[in-house]
Structures are given as C-alpha cells and as structure tokens.
Amino acid sequence: MSFKNPVLGLCQQAAFMLSAARVDQCPADDGLEVAFAGRSNAGKSSALNTLTHANLARTSKTPGRTQLLNFFRLDDRRRLVDLPGYGYAKVPIPLKQHWQHHLEAYLGSRRSLAGVVLLMDIRHPLTDFDRMMLDWAGASGMPMHILLTKADKLAFGAAKNALLKVRREIHKGWGEGMSVQLFSAPKRQGVEEAHDVLARWLGLAGDDGGEADAGA
C-alpha cells in the first residue's frame, strides 16, 4: 500500500459537476472516470462522501437524486460517477425499468469508464443485482472492485469470514480479476485500500513510485 496516495488530494477537491437523466446528458466522454454502483441502502453515498472527505452525495434513504447519474470532477481529466441506486422498494416498477435502461446504456457505451466500484452490504452480499453487475464486468473485461460496506456492523471475526466467503465465491464464479475488501464509512475502515484502487484506475498509481495494492 502506498504511503502517500496521489489520489487523496484529488478526492479532497472533488466537486459536483452535473446530474444526467440520460447518457446524452453526460459530460464529454474523454479522460478517465470511475463509477460507483450498488443497491439502494448499500452505503454508496456514505462511501463516496468518506472517500472524498466531502458531503458530495446525498445519504437520505429516499430515492431523490439517485435516479440520476451524478458526476463529480476531480480534475480536468478525471471524474467519479454516482450511478442510480437499484432496488428501492417504494419506487414504481416503470421507474425502476427506466433507471435500469439508462444504467445499462451508460455502462455499455462509456469509453472513459476505467473501472467500477461495486458496493455490497456485508450482511446481504451477492444479491441478484450484484451478480448482474459481476456478469457484465466479467463479460466486458471491465475492472471491478467490491466494497463490503457496513463492516462495522459485524464483529471482527465475522467480518473477516464474510470477506473470505465473498472473495472465494467471486473468484470461483467470475475469475481472479476482481478484488474485494472490507469497508466502513463511520470507522473509515478500508479508505486507504480503496484510494489505492482509484489511483491505479485513474492513472495515478505510478506518481508516488509504487504500484497500488488492489486488495485482491
């Protein structure tokens, strides 16, 4: 793991760019961007806020802006993207289908997408949505890093066992190319490890003289 991650400074200056309801409303498809995906209430907004040291993403349990693709600028060539939360129980089925359509359009067409961070609640990992995302990443060759969020909700031993179980299942079903780690926003657990992955995907891993550790 790097001693001083070059992505940290960029994350600390992250700023909201725009929200897009459709792919044609997204920023110009150049540079590099990393997308954050996960079921509603998997802790995606809290993770983004923790990684950027800012209150970028709304943490309300109501859908709100989660129906949009929200872009955050790191610098002129790098962005983070908060993808629509999936599976919110109170959202009408037609709206869910609308979200899914535009999520698939974004994932299938975005050339600047360098990797996807998939967030899973450690107490309920590998849902149908998670498996769908893993299938897509495996088929497309897209780098994917999994954050097992809310790790503080389990005892240390139970969290480690959950990590090993999920890692084994992912490597068995989708290959060795996907990395998995524990993450807790309130405890700031796993922040440096996640920053190392972002640094590599955003072309910053060599800036401090060392290769980032993906935590696989």
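The backbone N, Cα and C atoms fix where each Cβ goes, and this holds for glycine too.
In the predicted model, residues of the domain 'EngB-type G' (30-204) average a pLDDT of 90. Taken from Swiss-Prot, the feature domain 'EngB-type G' covers 30-204, and the record attributes it to sequence analysis.
For 38-45, 64-68, 82-85, 149-152, 182-185, the entry in Swiss-Prot reads GTP binding site. In the three-state DSSP scheme, Leu68 (GTP binding site) falls into the coil class.
Under the heading Mg(2+) binding site, Swiss-Prot lists Ser45, Thr66, citing sequence analysis as support. Summarising the environment of Ser45 (Mg(2+) binding site), the number of other Cβ atoms within 10 Å of its Cβ, over all protein chains shown, is 27.
In sequence order, Ser184, Pro186, Lys187, Gln189 are the residues near Asp152 (GTP binding site), counting only same-chain partners six or more apart with C-beta under 8 A.
Counted over every protein chain shown, other Cβ atoms within 10 Å are most numerous around Ala42 among the binding-site residues Ala42, Ala185.
If you take the Cα of Leu68 (GTP binding site) and the Cα of Ser45 (Mg(2+) binding site), they are about 13 angstrom apart, rounded to a whole number.
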